Amino acid sequence: MRCSPRAVLLLPLPTCRTRRKRPALAKKDHVTGVSTSTFVPPPGPAKLPARMGLPALALLLAAGLLHVQASPLARSFELDYEEDCFRKDGVPFRYVSGSIHYARVPRPAWRDRLLKMYMSGLSAVQVYVPWNYHEPQPGVYDFAGDRDVEAFLDLTAELGLLVILRPGPYICAEWEMGGLPSWLLWKPDIVLRSSDPAYLAAVDSWLHVLLPKIKPRLYQHGGNIISVQVENEYGSYYACDHGYLRHLLGSFRALLGSEVLLFTTDSTRAEELRCGTLQGLYATIDFGPGSNVTEAFGAQRWVEPKGPLVNSEYYTGWLDYWGEAHASTSLVHVARGLEDMLQLGASVNMYMFHGGTNFAYWSGADFKDQYKPVTTSYDYDAPLSEAGDPTEKLFAIRMVISKFQPLPAGPMPPATPKYAYGRVALQKHADLLDALDVLCPSGPIQSRFPLTFEAIKQAHGFVVYRTQLPRDVLEPAMLGAPPHSICDRGYVMLQKEYRGTLERDGQTTVHVMGRAGDTLDVLLENMGRISFGANISDFKGLLGNLSLDSSPLSNWLIYPLDIDAAVKQGWPHAALPKSSRRGRAGPAFYTGTFETPGIPWDTFVKFPGWSKGQLWINGFNLGRYWPRRGPQQTLFVPGSVLHIGRPNNITVLELEGAPSTPLLLFLDQPLFNRTLGHSTVATE
């Protein structure tokens, strides 16, 4: 997602009328692309057949009276260029859709979220497929559990929702590296999102795994996928490589067939539409509330003189960055913009309808003059909250939709129950540096100079870089890093005592004193690879050598940590605590337990007095907390990760400094900026 629109060429906007013979594919002129069509205002809300309520639909399916698996020849979803509309089974059609990311929602909650979207009046959902979520290592695939995209797609079909699929290979989505796997960077000179043969070979291999899973679920083959996006907002990327887009088009056609509707999405900026669109891919646009709808769709007409009007990302809210104000968007503006688009007969997808959570290490980052990491919460101020609760914005949107098509019969499912489990005391288990044997069982890698995460094939999380002071340092000396070489935060310890933090685009020096041979450790944290910006080749770790008073250090031991594997195997709860005489500062693990009174309900955990770190409950990585930086003050804990009838194990990795009395506070509501107050983002 991305991009606020700018002033664009104002052009007349057509709407769908009665059917005539479909013309040949319209030509795209990347220089002029001017439409001469005449705008005909729609007669009012579309009069579409009422959609069945779920109980009636289930009865018909059970009785075999509704033949959803009709002959593929009887099913079609196509463009009508002459009449400027979609046609579904030959009938004029427009969709009202919402985005949901299965990778940000625990599988037990999929049905609840999708049912609420259906009952909101949506006819479709828009779904990203994150490549790195499914191919963590080259040729190693994971489609199980929360990653079972086929099960998710089948559930959308069961609930009567069409799907607009966005399989990438790049997706942005504020997701780690925009969905591209970090192992692509094992080849340091690779040119991502381009015709680089190494990149194309990896893409082709992935598409030959993914797209055969998609093909049987295409609408033409009896499924519910009506369209498939090729790449994502490619016009915003510096490469502007139409050869790359042509390669993708050929691969998608070869693997999905000639009938599937393929499309692109870009902002309304002319230069991005020039680079992001291609003959054979239907060009759609994205813009948010507050935009001049007629002007914005005029940009689409610049590259698509004929065809349906489509806003593929209509922004219901916005994302949060660590250290900035919590973003929200007025429901009045969102509802007004939606109604304006539907009055024009446009198809609209709302981004996001349900945002969810960046669990574990999946949050990405933007680059806008500086590195801007995304929060763990991807609530997005969306109509369905991070916990899946209907909001006032949802009901305002639902009211708008009801003016144009009948809503499903029945009530909106309620918010899921939340429970404030209260205070849970924690105890320090061990300093991180005292647990390297558990966290890095393979032992360290030796190197004269530091190596990046990618060079040692570490995708996420943390790496310890260890060396020794080469001489006595009896007066404070400056330990420093070259510009842009700390990616993204380095926690400095001398003789296992915490000395300070080095930060990308922030503090890059600390002062140290010690004796020759003293151990210097720097714990490097990957805060998420860039998902949007000029170049997403975002290497992690120490990208340059550290120096002591300008004298380079050498002879490093590098420990790639696999904390998640240790925690999933029961550590540290199954191990005895390690004694520590050191103070509270610096990276250390804390543990505790709590029990649920009966049903394990959703909850939110607050970190009073804590600085920054990572939280696991029962081995599930709930993501990063950073109350000292904000705006997010709590982490969402889905009830599905909690146990019934036995203790729930809490593991906290605190990176800088725990409170003197370490405890967590479980609440029944989220907190941002230490209050529930919002700051409003621009809606232009």
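First residue shown is number 1, and so on along the chain.
Each residue, glycine too, has its Cβ placed from N, Cα and C.
Each residue in the domain 'Glycoside hydrolase 35 catalytic' (86-403) has a pLDDT score, and their mean in this model is 97. According to TrEMBL, the feature domain 'Glycoside hydrolase 35 catalytic' maps to 86-403.
TrEMBL lists Glu233 with the feature active site, proton donor.
Residues or ranges marked as active site, nucleophile by TrEMBL: Glu313. Within 10 Å of the C-beta of Glu313 (active site, nucleophile) there are 27 other C-beta atoms, taking all protein chains into account.
If you look up TrEMBL, you'll see 450-562 marked as domain 'Beta-galactosidase 1-like first all-beta'.
Taken from TrEMBL, the feature domain 'Beta-galactosidase galactose-binding' applies to 587-645.
Helix, strand and coil counts under DSSP for the domain 'Beta-galactosidase galactose-binding' (587-645) come to 3 helix, 28 strand, 28 coil. Here the CA atom of Glu313 (active site, nucleophile) lies 11 Å from the CA atom of Glu233 (active site, proton donor). Counting every protein chain shown, the number of other Cβ atoms lying within 10 Å of the Cβ of Glu233 (active site, proton donor) is 24. With DSSP states grouped into helix (H, G, I), strand (E, B) and coil, the domain 'Beta-galactosidase 1-like first all-beta' (450-562) comes out at 0 helix, 58 strand, 55 coil.
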